[in-house]
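Novice: Provided herewith is a single structure, encoded as structure tokens, for subsequent inquiry.
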Amino acid sequence: MWNYEKRLQYPVNITQPNAKIAQYIMSQYGGPDGEISASMRYLSQRFTMPNRMAAAVLNDIGTEELAHLEMVSTIVHQLTRDLSMEEIEKSGFGPYYIDHTVGVWPQAAGGVPFNACQFQSKGDPITDLFENLAAEQKARSTYDNILRVVRDMPEIADPIKFLRAREVVHFQRFGEALRSIQEELDAKNFYAFNPSFDNPCTASCRECGCSTK
């Protein structure tokens, strides 16, 4: 499907440990708007896209989100790998340390574990692509929040800026995928039938229960 290159999509070189910042950034690893949810969402939804262009977009972006997952986990690892016990206790990192030492584990900034219920694969391309558009905006907002906290830490801020920029690109590409599907539907009623499930030749408004009024 794709070739794996043994390097990060954008370099991460953090020299100073910081457990507090690691807890914040961890949310983009396993939080509600993080990279695990994004990659699983898109790689699952691609199978019910009704045209090759939309399926390819989800495949490409879902794969890239795995690269972003690798970047975020690397940032968390580099921020925690040389922590002293004193730093762990003072930073409030103790509860995480008890369960995971300094291993990388998916959870939100508030400590809530990753849950697959954080994303959906509905099997309706219109529904799924609107979810994806919202997901990219929520991820961008989270990276914006992180950047406000790390604005004076260029070692951390630079890769986060890269990740934020890619969320904007993904949003634009999902918009293109949505338009490619809508162009094949009735412009007066995009919701007359599910193009991934119903037969458009037989799914009349009476049969699918929609209203064109």
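The backbone N, Cα and C atoms fix where each Cβ goes, and this holds for glycine too.
All annotation found in TrEMBL is predicted automatically rather than curated by experts.
Found this in TrEMBL, in case it helps:
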BINDING   Glu35, Glu65, His68, Glu136, His170  Mn(2+) binding site
BINDING   Asp60  Ca(2+) binding site
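Tell me about the surroundings of these features in the structure.
Specialist: Look at Glu35 (Mn(2+) binding site): DSSP puts it in a helix.
Annotation for Asp60 (Ca(2+) binding site): spatial neighbours Arg173, criterion Cβ-Cβ under 8 Å with sequence separation of six or more.
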Novice: Give me the long-range Cβ neighbours of Glu65 (Mn(2+) binding site): same chain, 6+ apart, Cβ under 8 Å, in sequence order.
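Specialist: For Glu65 (Mn(2+) binding site), the qualifying residues are Glu35, Ala38, Ser39, Tyr42.
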Novice: To test your reading of the Mn(2+) site: which residues beyond Glu35, Glu65, His68, Glu136, His170, same chain only, put their Cβ within 8 Å of the Cβ centroid of those residues?
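Specialist: Counting only non-site residues, the set is Ala38, Ser39, Ile61, Glu64, Ala139, Leu163, Arg166, Glu167.
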Novice: Measure the Cβ-based neighbour count of His68 (Mn(2+) binding site), defined as the other Cβ atoms within 10 Å of its Cβ.
Specialist: 27
